[in-house]
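Copied over from Swiss-Prot:
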ACT_SITE  Asp13  active site, proton acceptor
ACT_SITE  His41  active site, proton donor
BINDING   12-18, 40-42, Arg304, 330-332, 412-414  GTP binding site
BINDING   Asp13, Gly40  Mg(2+) binding site
BINDING   Asp13, Glu14, Gly15, Lys16, Asn38, Ala39, Gly40, His41, Thr128, Arg142, Gln223, Thr238, Arg302  IMP binding site
BINDING   Thr298, Thr299, Thr300, Gly301, Arg302, Arg303, Arg304  substrate binding site
Amino acid sequence: MANVVVIGAQWGDEGKGKITDLLSRSADVVVRYQGGVNAGHTVVVGEQTLKLHLIPSGILYPDTQCIIGSGTVIDPKVLLGEVEMLEQLGISTDHLLISQTAHVTMPYHRLIDQASEQQRGSHKIGTTGRGIGPTYADKSERTGIRILDLMDPEGLREQLTWTIAQKNVILDKLYGLPPLDAESVIEEYSGYAERLRPHVVDSSLTIDEAWRKRKNILFEGAQGTLLDLDHGTYPYVTSSNPVAGGACIGAGVGPTIIDRVIGVAKAYTTRVGEGPFPTELHGDIGELLCQRGAEFGTTTGRRRRCGWFDAVIGRYAVRINGIDCLAITKLDVLDDLDEIQVCVAYDIDGERCDHFPSSARSFANCQPIYKTVPGWKQSTSHCRNLEDLPKAALDYLKFLAELMEVPIAIVSLGASRDQTIIVEDPIHGPKRALLYTNGDSSAS
């Protein structure tokens, strides 16, 4: 038995969906523990490309129980749309469970999110406009609507009548927007409640029962470490905790049940939205990475900013999450490059800095210190074993492992399931994989 957390080691969009999908074959339970429809993950199965925002990647395996945990915020309309899409494709959602204590994104959350971002002007933070921040704000202010509240018609009417009256004042006085009709919202969300009811459970109890039966549990994070509310590039962050520690709170489990943390990172770096990005590339190479990597957001369709691999934020992610091993994705995107640069440290006002600075202002002033390594100038998308990789590609992976000081367990070379090198099974294998320490580049 192994209970594993999968987290993003960069700014999100690292390819966690594919990695979670691969690992779900060995998992009995998959738990999404934070975030909402602001995060999207893409899974390619044969000729089908599935884009999901709330439903865990494990939904494709009928024997894998999929849980949307209490740390998430749920837009019922989007969730039910995903359920319908999957069922139209012949994929059952009978094994989907929803935490009764997860909070619900309401229409006023979306309106306030979009209006607030627009008011920021040049100081915008890059929100998706899906209402995530305001939903988490209401959760913190103890005025939010939870899934279990949807299941109580009389209580829901009472709550929403009061809440919408308050929100209408904000919409009118602060943003100049027309009021919401409380009766229409109550009717709409009461309808959602009946459709969701068969899936609603006490998720913490369900997870505990699985753990006591020694089931394999996979905890799936959304976004990435550098978007974490407490540990990311604040204020250009999300409103929840994507880091590994967030799995315990968002799923309702104790830290002692976590056996392993897998960090997912691209072979380069991307970021969507606003905020500092030291290794960002603006020329031809940045455009090549964007086009070859299809770097457009699953949720918003926004173009992702692209840059070289940043080992400083990588080491920070290892430290914050206690990462045991890495999954490196999109190695094939680098196939055509003559040489590749890796940021090994920063220069801040003439001083070398090997660690991630907490201040956004300091981070914005960081100049990357690069080490240049040779490219391999040949396709890697067909490789299925380490021995199949060009020597320069293998050397690149070794270099990343040395810089991050953790082993590499998985290498992804394309969107399809089979375009993957499994160096070591992160769930059932020992904690070794590709490990390089003290400058030793031999596999252990």
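In case you wondered, yes, glycine gets a Cβ from its N, Cα and C as well.
Binding of IMP is attributed in the record to Asp13, Glu14, Gly15, Lys16, Asn38, Ala39, Gly40, His41, Thr128, Arg142, Gln223, Thr238, Arg302, and the widest Cα separation among these residues amounts to 34 Å. When the alpha carbons of Arg303 (substrate binding site) and Leu331 (GTP binding site) are compared, the span between them is 20 angstrom. In three-state terms derived from DSSP, His41 (active site, proton donor) belongs to an extended strand segment.
Within 10 Å of the C-beta of Asn38 (IMP binding site) we count 28 further C-beta atoms, all protein chains included. Checked against Lys18 (GTP binding site) by C-alpha proximity, the recorded positions Gly40, His41, Gln223, Gly301 yield His41 as the nearest.
For the pair Asp13 (active site, proton acceptor) and Leu331 (GTP binding site), the C-alpha distance works out to 14 angstrom. If you take the C-beta of Leu331 (GTP binding site) and look for same-chain residues 6 or more apart in sequence within under 8 angstroms, you find Ala267, Thr380, Ala393, Tyr396, Leu397, Val411, Ser412, Leu413. Each of the binding-site residues Gly12, Gly15, Gly40, Gly301 was scored by the number of other CB atoms within 10 A of its CB, and the lowest score belongs to Gly301. DSSP assigns Arg303 (substrate binding site) to a strand.
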